Every structure is written in C-alpha cells, then in structure tokens.
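Q: Below are the structure tokens for one structure; questions will follow.
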Amino acid sequence: MPELKLASSFRANFLHLNFDEFSMGLAYGWTSPILNQLQNSSQDFYLTEEECSWIASLHNVGRTIGPFVAALLVDVIGRKLLLISSCLTFLLMWLVVLFTRNVWALYAVRTVFGIAVGMHDSISNIYIAENSSPHLRGTFGSVAMAFFYGGELVAFILATYLTYDQVAITHASISFLFVMSEFWLREPVQFLLMKGRYKLAEKNFYWLNGKESQSQIRFNEIVVNVQQEKQKVSWKQLLTSKANYLSLRVVLILSFLEMFTGFEAITSFASMAFSSSDSLSQNEFTILFGFFQFISVCLSSIIIDKFNRRTLFLLSFAASAIVHAITTALYHFNQSVTPIPYFPWFIFVSITLYSIIYSMGILPIYYILRGELFPQSMKAMGNCIGVVANALVGFITTKMFLWISTRFGMQFNFLLFSIVSVLAFIYVYFEVPETKGKTLVEIQKSLEN
C-alpha cells in the first residue's frame with residue numbers, strides 16, 4: 001500500500017530531520033525573552049542595548065560561513081553527517097550558555113551556532129527536495145517549518161517562566177536527545193548514486209516510495225539525471241547555463257527580499273517591540289505571538305500544495321506590505337499625534353498578522369523554491385549563495401532594528417519592511433517561475449526552455 005509506505009517513511013525519516021528544526025527553533029526563540037530579561041536585570045549578568053543587538057545578530061555572520069562548509073562537504077561526506085554535526089553544535093551552544101557568564105563567550109557561541117544554521121539551511125531543503133515526491137515537497141517543507149516554530153514557541157514559554165540556568169539545562173537535554181535521533185536518517189538517493197552506491201540508493205528509494213511501477217520509472221529518471229550532471233560541478237556553470245543563471249538570480253533576489261520583510265529582526269526583539277498592557281506582560285505577548293506563528297505554519301502544511309506557489313507568494317507579499325503599513329501608522333500616531341487606546345493590543349495584532357502571513361506563505365515557499373530550482377549538480381553551490389545573501393540581510397536588519405527604533409522611532413523599521421514587501425510583490429509577479437507539481441527533472445527542463 002503506497003499510502004502506508006509513505007506514512008511509515010515520513011515517521012521514520014522526516015521526523016528525525018525535523019527534530020533538527022525544533023532544536024534550531026529553540027535557539028532562535030531564546031533570544032527575545034532572555035535578552036529582554038538580561039537588559040532589565042538587576043543581577044550580576046547584565047547586557048547593554050548594544051550587547052543585545054550583537055547577540056541577536058551575530059549568528060547571521062556565522063550563517064555566511066556555514067553554506068561554504070556545506071558546499072564543500074555535502075557531496076563528499078553526505079547530507080546525513082552534516083545534519084548530525086549541525087545538531088551537535090546546537091547542543092554545544094546550550095552548554096556554553098549554562099557554564100559561562102561572559103558576553104564574549106556568548107558572541108563566540110552564537111557565531112558558531114550561526115555556522116551550524118548556515119550548514120543546516122543549505123542542506124535541509126536539498127534533503128527534503130531529494131527525498132520527497134513532487135506533490136509532497138511543499139507539505140514536507142511546511143512540516144519542517146512547523147517544528148521550527150514549535151521549538152521557538154517552547155523557547156518563549158520556558159524563558160518566561162524558568163530561570164536562565166533552568167532554560168539552558170532544558171534546552172541542552174532536548175538537543176542531546178535529538179542528536180541521538182539523527183543517526184536514523186536515510187541518506188538521499190541522489191548522493192548515493194553520485195558515489196556509485198547503486199544498491200543502497202535503490203534500497204533507500206523504495207523504502208521511501210514503495211515498489212509500484214511508477215516508482216521504478218521515477219528511480220530510473222533520477223539515475224539518468226545524476227549521470228548526466230556528474231560533470232557539471234564548476235561555479236562557472238551557475239552563470240554560463242541559462243537555467244542555472246535564472247535559478248541563481250531568482251534565489252538570490254528572493255533571499256534578500258524575504259529577509260528584508262523583517263521577520264528575523266521582529267522575532268529577535270518581539271518582547272521589546274510589544275508593550276505591556278494591564279492584562280499581559282511583554283513576554284506573555286511574545287508567547288501568544290509564538291503560538292499564532294506555530295498554528296499558521298501548521299495550516300500552511302495543509303494548503304501549500306493545494307495552490308500555486310506564485311499565487312501564494314504574491315498574496316503573502318501584498319498582505320505583508322499592507323500590515324506593515326498599518327503597524328507604521330499605529331506607532332506614528334501613538335508617539336507623535338495622540339495616544340491610542342489599547343495600543344499594546346493593536347500592535348500585537350498587527351505584528352502577529354505579519355508573522356502569520358510570513359509563516360504561511362513567504363517563508364515556506366522561499367524555502368521550497370531554494371530546494372527545487374537548482375539542478376542536482378548545482379544545489380550545494382546555489383543554496384550556498386542563497387543562504388549567504390539571506391544571512392547578510394538578516395544580520396543587517398537585526399543589528400539595525402534597535403538602532404533605528406532608538407534614534408528615529410520604531411515606525412521607521414516597519415515602513416522599510418512595507419516598502420520591501422511591495423518590491424517583492426513586483427519581482428515575484430514578473431520573474432518567479434511556477435514549480436508546483438513538477439519533478440526536479442521537469443523543473444530543469446522548463447527553465448532551460
């Protein structure tokens with residue numbers, strides 16, 4: 001029964017991969033409530049605004065290094081070992097957080113964490129694209145995002161109600177268990193074929209897809225495709241091939257635009273962006289924020305393969321532009337015109353609406369396209385460039401968020417994010433191709449034409 005086989009494969013393989021996403025979500029979600037707590041702490045470990053901005057943004061410096069490590073090693077040692085090593089780095093971060101009270105140690109470990117994130121970003125979407133059928137790539141990509149946001153939500157909750165040390169111990173324990181689970185991952189068929197391990201490649205493929213006749217046809221297509229692309233392994237190919245150049249251009253521009261809609265900066269400083277109300281504190285608003293993120297990305301796993309990628313992308317960027325414009329107006333009127341009743345709740349709703357839009361549309365589609373657009377021989381190189389671009393913009397937006405809000409007002413951050421969302425809408429409309437329902441081989445043929 002193909003359905004049972006698929007369900008078994010998903011539980012046994014993608015669940016282990018998604019534990020890595022959960023661990024990464026824990027580390028991302030940790031910054032918002034903890035930095036807010038340490039900036040206002042009366043204890044011996046206190047962080048200034050400048051130190052907070054560096055801790056929140058330095059992992060993006062590491063993310064610019066991680067993709068190059070992945071590009072060098074992904075076709076040498078494989079996807080599985082690199083995913084395990086990234087999860088080990090997440091565990092290392094929590095041990096340093098637990099046993100040190102030095103801001104420079106936090107700078108260092110957040111940078112190393114970023115290297116692991118860059119490796120994971122480059123590999124995980126390749127892993128999903130290679131191991132799932134055309135009609136399920138979107139769903140599996142969204143499920144991975146759901147685990148990430150689940151980890152982020154857990155981090156928001158733990159950091160609000162536990163002490164600094166208790167949070168580090170809990171996160172380290174979870175990460176250790178997840179490292180152990182990664183050893184059950186299956187190596188993708190494409191890598192095994194590249195290494196000449198035909199029998200194991202065939203075994204892994206049928207374990208994931210069943211043995212019906214259609215699976216045999218797909219396996220033969222993959223074998224032919226890998227053989228044809230074995231010689232296309234130079235960086236020059238990204239620019240000289242029409243299909244590769246188009247893929248690179250789309251991924252590079254989307255990497256800038258997606259991150260410049262502001263999600264990472266907003267998430268890193270959500271507790272500071274929200275204002276306390278009579279009923280909820282800043283950190284409790286952040287927990288609600290994380291809850292709606294998690295629910296929205298869970299819903300995206302249901303709808304993402306039912307609609308065209310381009311349509312969802314366009315709707316998401318348009319909605320992002322509108323919501324950011326509303327947030328800009330709220331901050332401006334409250335600070336410069338007249339105080340707005342229930343202002344904390346209005347800001348919470350507008351920022352959370354953006355996070356829902358981002359989680360349901362912008363991020364999962366960007367994540368999926370990065371794994372779909374490049375041919376097999378160019379995936380590591382193409383994703384390397386995409387992740388580096390994404391990380392650089394993430395560093396800029398996160399590092400500048402507090403600086404802009406302190407010197408010019410919080411509204412100017414959201415005005416910038418709104419303008420970029422409009423530019424993203426225009427770009428997607430004119431250039432981003434549709435990939436829904438196509439095999440990786442079919443996508444390459446359509447790009448060549």
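Every residue gets a Cβ built from N, Cα and C, even glycine.
Just so you know, TrEMBL annotations are computer predictions that nobody has curated.
From TrEMBL, for reference:
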DOMAIN    13-436  domain 'Major facilitator superfamily (MFS) profile'
TRANSMEM  81-99  transmembrane segment
TRANSMEM  105-128  transmembrane segment
TRANSMEM  140-162  transmembrane segment
TRANSMEM  246-273  transmembrane segment
TRANSMEM  285-304  transmembrane segment
TRANSMEM  311-333  transmembrane segment
TRANSMEM  345-369  transmembrane segment
TRANSMEM  381-404  transmembrane segment
TRANSMEM  410-430  transmembrane segment
Q: Mean pLDDT across the domain 'Major facilitator superfamily (MFS) profile' (13-436), rounded to an integer, is what?
A: 83
Q: Rank 140-162, 285-304, 345-369, 381-404, 410-430 by Cβ pairs under 8 Å to the transmembrane segment (246-273) and hand me the top one.
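A: Answer, by Cβ pair count: 381-404.
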Q: Can you find at least 3 Cβ pairs under 8 Å between the transmembrane segment (285-304) and the transmembrane segment (105-128), where each pair is 6 or more residues apart in sequence?
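A: Contact between the transmembrane segment (285-304) and the transmembrane segment (105-128): absent.
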